[in-house]
Amino acid sequence: MRSSSSSFRARIAAALLASAATVGALLTAAAPAAHAADTPLRDLGAAKGKVIGTAVTGSKLTGTYGDIAGTQFGSLTPGNAMKWGSVEPTQGTFNWAEADQIVAFAQAHNQQVRGHTLVWHSQNPGWLTNGSWTSAQLSTLLQNHIDTEVGRYKGRIAAWDVVNEPFNEDGTYRSTLWYNGLGADYIATALTRARAADPAAKLYINDYNVEGVNAKSTALYNLVKSLKERGVPIDGVGLQAHLILGQVPSTLQQNIQRFADLGVDVAITELDIRMTLPSDSTKLAQQKADYKAVTAACVAVARCVNFTVWGFTDSDSWVESTFPGQGAATPYDANYAPKPAYYGISEALGGTTTPPPTGACTAAYSVGSQWNTGFTGNVTISCSGASLSSWRVSWTYGAGQQITQAWNATCTQSGAAVSCQNASYNGTVPDGGSVSFGFNASWSGSNPVPTVTLG
Ligand code: XIL
């Protein structure tokens with residue numbers, strides 16, 4: 001019994017080795033994933049004097065997400081990690097872990113950080129919003145918060161969104177903890193305090209629905225003008241730009257220009273362009289045009305210094321959970337394939353479009369979990385405006401990675417060259433659909449993401 005069971009195990013082991021060897025024997029050529037083939041957005045932006053940024057989630061900064069965040073973007077904004085509710089959930093007890101991680105990642109990738117955000121009505125800790133404070137106490141809390149957070153990252157933050165969303169749509173001040181307790185001058189107080197805590201950081205006021213010329217953006221304009229006249233430190237305005245498909249304001253460039261003419265920088269701080277789901281090739285083409293228009297407006301004004309998307313992938317966007325039925329708002333799909341919108345940004349920055357951004361099927365490679373010697377990979381083939389009845393995806397490993405096992409595809413590897421073709425049951429990829437396959441592989445030293453070719 002024992003010997004037959006151990007010989008059974010031996011046969012299994014031999015069979016596994018044989019199949020690994022077979023995988024190692026077969027083979028074909030490889031080529032590039034769309035996002036890897038093009039000049040990174042950060043380089044295109046730099047050539048135009050623009051820093052191209054993205055909001056990020058710290059816990060996701062590994063694998064393909066980290067690879068794209070690190071290579072494509074020259075600026076990171078913590079999506080939530082620097083908000084008051086994140087950093088001081090209990091009064092006097094601080095949690096800097098995610099913010100520190102993002103700042104360290106940015107430094108390692110030669111990126112700027114936009115600090116977001118110090119003074120806001122939202123995502124504050126419960127102890128702060130539920131407390132009852134005198135004006136003097138509120139002022140002290142505000143100033144201590146700014147001293148602590150800005151001081152912690154002194155010298156490492158390019159720009160702070162010091163005050164976020166101070167206005168109502170009609171241009172009156174929003175009724176908030178701060179406005180109600182301290183009056184409109186909480187803004188000047190916060191800016192002055194932030195300047196003292198880190199004289200090198202650019203100080204911004206940031207808001208939404210201030211992209212075009214309208215009552216709200218005019219209120220912001222008048223505020224900035226008066227702050228400058230009073231000698232209050234203000235370096236820039238952030239236009240969040242949470243936009244709706246087909247609704248880029250026609251006065252966007254004019255509005256950016258009028259702020260520039262006031263003597264402040266302008267940043268597009270939180271761009272996303274949402275559509276009613278599901279997406280289709282027509283909507284994606286409109287979205288490309290919209291992204292291109294926003295990018296072009298920033299390119300046209302020298303003082304538009306930073307262009308940041310609020311999450312670069314549809315898998316890391318606030319839109320679907322915030323606007324029911326809306327989504328697909330970012331430049332990469334949920335499988336990290338660049339969408340037409342990516343090429344809209346790229347083209348407005350002077351880049352070239354490869355491959356054709358519409359009516360195509362694309363393959364995107366991503367690393368799932370990774371441990372010291374092995375990793376799990378995934379390839380997703382997505383079609384939009386096109387379809388497939390069979391497929392083959394090829395790539396070349398750059399660092400000795402070796403596939404040991406694949407599922408939902410037949411993969412062969414010869415030397416560095418990998419070729420995977422559909423299984424009998426998943427050759428069809430419909431227009432608007434996708435198919436994925438996975439594999440296990442070994443690695444050592446490094447595990448760079450290869451460029452993949454769909455043929
Ligand atoms: C959003 C984050 O992306 C979400 O994860 C969070 O649940 C809510 O806040 N304007 C801002 C950002 O200034 O801080 C908001 O970020 C989106 C709207």
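Glycine residues also receive a Cβ, built from the backbone N, Cα and C atoms like all the rest.
Note: TrEMBL annotation is automatic and uncurated.
What TrEMBL records for this protein:
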- GLU270: active site, nucleophile (ACT_SITE)
- 38-348: domain 'GH10' (DOMAIN)
- 354-455: domain 'CBM2' (DOMAIN)
- 1-36: signal peptide (SIGNAL)
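Broken down by DSSP into helix, strand and coil, the domain 'CBM2' (354-455) contains 0 helix, 61 strand, 41 coil. Every protein chain shown contributes to the tally, and the Cβ of GLU270 (active site, nucleophile) ends up with 25 other Cβ atoms within 10 Å.
Here the domain 'CBM2' (354-455) has a mean pLDDT of 91 out of 100.
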